[in-house]
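Here's what TrEMBL has on this protein:
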type: DOMAIN; residues: 19-370; note: domain 'Major facilitator superfamily associated'
type: TRANSMEM; residues: 21-38; note: transmembrane segment
type: TRANSMEM; residues: 50-69; note: transmembrane segment
type: TRANSMEM; residues: 81-102; note: transmembrane segment
type: TRANSMEM; residues: 108-130; note: transmembrane segment
type: TRANSMEM; residues: 142-163; note: transmembrane segment
type: TRANSMEM; residues: 169-188; note: transmembrane segment
type: TRANSMEM; residues: 216-241; note: transmembrane segment
type: TRANSMEM; residues: 253-271; note: transmembrane segment
type: TRANSMEM; residues: 283-306; note: transmembrane segment
type: TRANSMEM; residues: 312-330; note: transmembrane segment
type: TRANSMEM; residues: 342-364; note: transmembrane segment
type: TRANSMEM; residues: 370-390; note: transmembrane segment
């Protein structure tokens, strides 16, 4: 039945395979976000020790992501790296069932094996899927939206299962979600055209090919997109605390969080029409302007009836900036460095998040909710960066700027 429906909708086998993969891609992060801190606390870890399970995998990915992206680009097909990363992550999940009584460092080392390989291949999967979508004529944005739907669904399932079966449910859900992700990564089609040109391997921290393509007018929107992404990580880290201190009930907080994620998913699912109407940089610019408004209003502790439309703005602030940047990279870099370029952007996102979330924490301690004005200011700085990108490109492309 599903196959016949796909045929009527003219969904090709490559499109179906990538869609299935993305539905499962964020299931493991959903299980982790919902229950990992509780699972670790039940094993006697302190709050600071629990923080290591987020901070150290992120540090490892920051240090190795670009190098891994370069390796993926040198392979005959990006699929090899994708399957390898998700396979290693799944295999490392199994020993968690036997980790009862383990001390901090062995457990942390094992946890890094379950998270870092999958995290490293995330940008590779995005780069490969965008390139494939263009060759086969389907929208990557819609496929990415299915990932958000999968994430939200498993958040609900994890909360329900953990309330009934506790820690055991966490491990089994982690195992099943990892198995599904690995299975559907292995079922991906060939992601790179046979005989496609690959990088030479020359260069230092970045490949010579990528350095030759990363001009200032290309970097500026990507830095801006990373800043916008980082301000959303502030929301992930602090919104529940801020709203609870403002007297908003926990069930309402949960609904507000779900509303933002739902708006994000709906926009992604409608992406096929949006990407034809707006350029990638226009979407980043629109996301920056809307983010300034959203965070500025958040600074004044608005009531719930104002928070509802603010959360709906996530459809622009997050979706526009993220997909705008992913498409901009695909537009402005060639296939030889596709994975490396996306991995570099991932490093920008994570590095920016560490700095901005840490800075927000200091501001929040001193000024409370008014600290969101700092997020608004950060996004306001993105606007001239994107406008400068347009000007620099026009200057570079003008006849007067051409050599000879």
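The backbone N, Cα and C atoms fix where each Cβ goes, and this holds for glycine too.
No curator has checked TrEMBL annotations; they are predicted automatically.
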Contacting positions for the transmembrane segment (50-69) when only residues 6+ beyond its ends and CB under 8 Å are counted: 36-37, 40-41, 81, 104, 108, 111-112, 115-116, 119-121, 123-124, 127, 205-206, 339-344, 346-347, 350-351, 354
Touch test for the transmembrane segment (216-241) and the transmembrane segment (370-390), at least 3 Cβ pairs under 8 Å: yes
Model confidence over the domain 'Major facilitator superfamily associated' (19-370), averaged pLDDT: 92
